[in-house]
Amino acid sequence: MDAATVPVSLLLLVLLLSLEAGKGRRRSAGVMTSNRNHKCQEFVSAKFQNETEISLDTYLDTGMGYLPNLTESLPSLPLFPFLSDLSFPPASFRSSLSTLLFHSSSFPFPLASPISFFSLFLASPSSIPSPSLLPASLPTFLLSYLFPFSSFLAPSDQLSFCVHFKPFRLAVRIPLLSYWAEGEDNEILISYIHFEQALSVMCCRRLVHEKLSAPILLHTWHHLCLALDLEARTLLLAFDGTFVERRLTVNQTALGEDQQLQVRGGGRLVVGQDIDNEEGGFSLQQVFVGEMAHYQLFRRALSREDVEAFVECMDDIPYQPILSLNDSVMENKGVVMARISAFEVCEKGVNFLVMFPFLVTWDAASALCQKMKGALSLPQTQEENKMVFDRFQHFSKKCQSNWSALYWLGVKGNVTSSQWIREGDGEVVSWHNAIVGWDKPTKTFQCMAAGDAQFPYHWYSASCSETICTICNNTSPPRVRLRGLCATSHFDSIFYVHGYTNQNPNFEGEVSSRIVWDGDTWVMSSLQYDNAVAKMETRRVNSLPLGLHVWSIQGDKCGNEEETLLMTACGEGEYTCANGDCIEKSRLCDLTLDCADQSDELACDPVEVPRGYTAKLPPPSPTAGPLALRVVINITSIREFSLVEFRIGIDVHYAVTWYDARLAYRNLKEDYRSNKIQKPSPTWRPEMHIRDSTGSVAETFLHHDAMYVERNSEPLPDDRRRSVENAVFSGSTNKLIYEREETLTIMCYYDLRMYPFDDQECSFTLSVQDMSDKFGRFVEEGSGVRFFGRRRLLEYELFRENISIVTRNNVTNVKIQLHFENQYKYYLVNAFAPSLMMVVICLLTLGFDLHDFQDRIMVSLTSLLVLAAFFTQTSQSIPKTSYVKFIDAWYLALICEDFLVIVALVCVEVVRLREEAAGSKLMHVAPFDKLRNNFVATSKAAKMNTFLIVLFPLSLVVILVAFSLLSTL
């Protein structure tokens, strides 16, 4: 700048300052009353009606390689917005972008455009040479503002900064404004710290440092305006509708008592990178990649009304900024300048449209959009319809079809009502632009498409089986996740659909990666590491890299040359099928095919066995001491109880649970039976040995055995190193269950001395083969043993079952004891009562007439024979033992009683006959009663019979009492 131009600049400065003061007075007087809706509507109408919108590809086709006078022609350039279908900058234009310089010999202060903002696009690192090839003073990718005169930014104690910005990538620090002065790199630094998710405001040799918690979203417009009053020590900050007013905290000791807190002038200001020294000192970890609009810096502290108005896009700030994107004093390094509508910047709820130039049917198109968490595009107004067509019409050649259509519409026809129904909510479409005659759905033409260049802006019905391109409408930036790479990989794990290469959508990583279609396959590259490249082995034209695919990788830190990676747009609570479809995780491995490729039911074994795992060794204990094997034994029935063969058969279902910290589990359900481990199981399981009370191995017949995993904890944090979206559970907190159902036949030594008033005990033991109590011990789980069958058997009743843990030869055993009681009521009715009756009958013969010996002896003998028959029959149904049983003694006692009665009857008869023989020679004459009394009193046989009538019943009572007491022992 020569000396002649300085007065002109000063005059312009005075003039503009006076205009600003007039604007301020008018605004305070209430003259400025524009509102957001009206303003945004003006921008939208001005953009679409008064400007010719062309794509960047068309603009670059003019062949201009170097534009030295771009600043002079910029106001008259056609307006091209930064939309998601434009890839900036193309390789053919990279060299020219890096040489664009904006200079001026004067110091102009152009006013902001009344119809649109100027925006800057900060290119990605791939758009410029490698940082290692650049001199230290040249920024790698930024828009650099160099102020050669200290008077340009004089020392100031007031400063305001406002900007709309849309970041495309994340960095450790995302600088929005960086100012270096007098050897201090952070004289002013306004940035976003990603890991803290906070806006940072730093100034004045770092004496002021304030932070505001404010998460940001990529590919989304954010609005920031702050006012710094160093003299009043206040900060006003508005960000996306949040307003903060706070008092600055200043280190007065470091400042000095007599020093004024202010921003020093005469430094260097950079937009898009953090300047660390006079030469630059830029770092790829501190860079802004994205768009900025309405960038303004003021040498004054704006009011709260001004700050909030800017963030809400209500009014323009009525003061002239000392720096804006319009200024031609800026030196441009790798930045594309363009205009963008205020509607796109400010309007909330703007949808994101993505063209997928693949010819597919309507159903496939709808499925594709659902896979990307969107829906088929459906313009609601004529303006939207025109905007969509103009934006994507350059795909007409690739989307050329027999139906002359550009893209499917998100409607389907109801033939009965002749109405078009919107996809998703099922509402009737209130507006469409269908050609007359093709505006009604039919059985043949039940779908609707938008015309291509031959029928611009028009819609018409079409067969749903036609193949047409797809435009998906998303309410948020289309985002996908990449899984399967190691934590130190050079590649990103989050990608956004943004821009196009070879007329296929790009997937831009959130930090420094990119996935593009190279004409043959999908290629992933790192923008920071040139040698890191991955190519998808599956080569399918007209398809996205969504789903599970094998990638060949070079130059990555993970080390593997081939990896199976998963790219998915599914949410955190969803599972991605191998083809990229999304289903709820609860539907995974539910024995129902939910994925079209059936991948949700293919790998459903819940156990993950790590390398080096061996099933021969028991798992280590998660706590100090031996491994706890918790056991529960359920006896479902007693199949056999044989007294003769000394054998018992029982159906047993037992479960052993333990923890194996070596394992991991996946997709566990609440019901453990849904978490069955497939056979053959590669995991350790206890090999059970069962022995009976004799020490012999029990006979077993296996019905069923299985291993399960019981969910006892929440899944581990998601690990993107896993290519499959399994919910992974730790083996140390979720237990394994081994269930076995079998029939046991065990020997049981019965003690029948008190039969049928006996109690029997049978037992068997369980142990784990080759496992001493040093490594594992059984522990009762709950009650330990339970019986679920019928307790009453034919002869016995199970009245108690016990479990105990015993150690023998350094091996823990589970001992199960079964206690049985004889159901003696059967024998009371069928043995004791009849036999007792026989003895009573025998005793009754003592009351027969002494002269009726034949009847007396016949009845007694019959009773004895019946008793003998009872005894023989009972002996045949019970085991023969070397000892006398209770029932044997009973029969023997009764038979003896009966036998003695018979003997007594014979004795009485013998005495009676002798007496009759001796007295037959005498004849007595007397009354009958007297004669009878004399006979009774004098007959020896009668006296003996009377004695026996008393003796034998007493002896029977003694027998009954003795056996009753014995049965209770």
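Placement of Cβ uses the backbone N, Cα and C atoms for every residue, glycine included.
If you go by TrEMBL, Cys570 shares a disulfide bond with Cys582, out of Cys558, Cys582.
The cysteine that TrEMBL pairs with Cys595 in a disulfide, picked from Cys558, Cys577, Cys604, is Cys577. For the ranges 207-227, 333-353, 648-668, 858-878, the feature annotated in TrEMBL as transmembrane segment maps to 858-878. Tertiary neighbourhood of the transmembrane segment (947-966): same-chain residues 754, 836, 839-840, 843, 846-847, 886, 889-890, 893-894, 897, 900-901, 904, 908, selected by CB-CB distance under 8 Å and a gap of 6+ residues from either end. Cys570 (disulfide bond) and Cys577 (disulfide bond) are 10 Å apart (CA-CA, integer value). Ranking the disulfide-bonded residues Cys570, Cys582, Cys595 by the distance of their Cα atoms from the Cα of Cys604 (disulfide bond) places Cys595 first. Counting every protein chain shown, the Cβ of Cys595 (disulfide bond) has 20 other Cβ atoms within 10 Å. When pLDDT values are averaged over the domain 'C-type lectin' (361-473), the model yields 92. Of all the disulfide-bonded residues listed here (Cys570, Cys582, Cys589), Cys582 has the Cα closest to the Cα of Cys595 (disulfide bond). Within 10 Å of the C-beta atom of Cys577 (disulfide bond) sit 24 other C-beta atoms, taking all shown protein chains into account.
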